[in-house]
Amino acid sequence: MSASRLQQLKSQILPGNKLTAMAGSPSPLTTHVLNTAMGVPGSNMALSLYQQDPSTNTWNLITTGTTNDDGRCPGLIAKQSFTSGVYKMHFETAQYWASMGETCFYPYVEIVFTINDPGQKYHIPLLLSRFSYSTYRGS
């Protein structure tokens, strides 16, 4: 096992790390970016979370963040702020690929989804390569 992989595992196991483990996140909404072309997490990817205003159909920015070394972005939204409605996650894929000296077909990915029961947990993975992406509702 490589030293960098061991360091990554160590950072997830030791108690000093509070942001990489999804289980440690109080957020009812989580995401996980996976670079399927290289078989690694999609780390250091900028993303934004929006909620649609139903009266105007405009998007209101809730938060911005960057994925960690494991491709996750914990703490997207607090439970008390998570309400029913239509949300959008915007991922800056062109910046991500450019940071590795690559180009891509999709300069960004937007995943729009509906929350009917904000009491549930929602997980939205993004499986990504330079020329394709896929998503689903995870658990």
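Using N, Cα and C of the backbone, Cβ positions are placed for all residues, glycine too.
Features of the protein shown, as given by TrEMBL:
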- 24-138: domain 'Transthyretin/hydroxyisourate hydrolase' (DOMAIN)
- His32, Arg72, Tyr136: substrate binding site (BINDING)
Of all the binding-site residues here, His32, Arg72, which one's CB has the most other CB atoms within 10 A?
Arg72
Any idea of the Cα spread of the substrate site, His32, Arg72, Tyr136, as a max distance in Å?
15
According to DSSP, which kind of secondary structure is Tyr136 (substrate binding site) found in, if we only use helix, strand and coil?
coil
Once the DSSP letters are reduced so that anything not helix or strand counts as coil, what is His32 (substrate binding site)?
strand
Limited to the domain 'Transthyretin/hydroxyisourate hydrolase' (24-138), I'd like the whole-number average of pLDDT.
96
